[in-house]
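I have placed the structure first, in the form of structure tokens, so that the comments after it can refer back to it.
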């Protein structure tokens with residue numbers, strides 16, 4: 001009899017293992033059927049297998065950033081699944097989503113930051129960065145070396161903050177560590193960088209036409225984290241700024257397309273820096289390949305015709321890239337008809353929101369499993385389990 005029950009549990013585990021992670025309610029509902037299934041679906045060994053089987057955390061929601069003149073969007077994380085996340089903190093704007101965490105600029109007289117985990121509800125305040133910032137961007141990421149980022153909710157994290165200093169028109173960057181609770185001394189992007197000098201001279205030469213475009217404004221766009229490199233963009237022809245975490249320095253990279261304004265930086269499958277934009281109705285993907293001697297070049301790796309695939313509001317409508325969800329191969333595309341996800345491999349298009357002003361989508365990706373709902377219930381938090389029970 002015991003052997004038969006073990007066999008049933010083994011078969012059930014194999015079925016549960018294949019439930020899609022982008023609809024977490026399936027696992028939660030199964031965990032509420034009976035105590036044996038609950039024990040199975042909250043067992044650490046099963047959860048490790050489940051995450052390893054699916055390999056990449058699913059897209060559970062998104063928020064966004066806009067350009068300064070566009071005004072801030074609604075301060076909330078919008079779910080892309082049928083289940084709720086923990087309640088949104090009160091915040092002014094979101095800066096980044098990565099490795100199961102959301103970096104927020106919360107209300108206050110100074111630049112107060114908060115790292116929030118929408119699955120567990122954990123909130124960790126971050127000190128004000130030591131930069132007099134005019135326009136800024138930031139990236140939050142797991143600080144554990146070698147982590148697969150499948151379940152690093154409670155681990156240490158780092159924040160890289162990059163900004164245009166409002167006093168000196170300089171690009172500066174610094175790093176916060178949750179382990180030390182302190183920021184590093186800011187570093188400056190300076191005249192030692194050849195690309196920086198060239199872009200600066202171009203901006204000065206065009207100063208009579210472009211006016212304030214001389215200032216190297218950091219764009220409020222989601223960056224890319226690839227190894228020790230954290231990448232952001234400037235308004236100077238979408239030039240790319242790289243902060244090297246290991247060397248604690250800033251450098252600049254020329255983009256593959258200088259005339260593309262709506263772009264997305266990403267990590268490619270081979271762990272190189274990727275660049276995506278739409279020109280006409282073609283989606284262009286580039287990868288930055290670095291040679292053995294350190295020389296690098298952009299390689300155009302894919303061109304996808306989007307006309308007729310992405311819904312539009314009128315014949316004159318255009319499509320623009322406003323984000324990328326790494327690991328799941330999803331590009332966010334905006335038109336006057338709304339916000340859409342485009343699956344690079346399958347070509348599947350899904351509408352996720354109505355027409356609004358979009359600039360940079362911040363996708364939130366994480367596994368949401370029954371153990372998370374149990375932990376939230378123990379804290380008295382709003383939980384996915386309670387949601388399912390009410391359905």
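Glycine is no exception: its Cβ is also placed from the backbone N, Cα and C atoms.
As written in TrEMBL, here are the features:
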type: DOMAIN; residues: 5-48; note: domain 'F-box'
type: DOMAIN; residues: 95-370; note: domain 'F-box protein AT5G49610-like beta-propeller'
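For the domain 'F-box protein AT5G49610-like beta-propeller' (95-370), the model's average pLDDT works out to 88.
Assigned with DSSP, the residues of the domain 'F-box' (5-48) fall into helix, strand and coil as follows: 32 helix, 0 strand, 12 coil.
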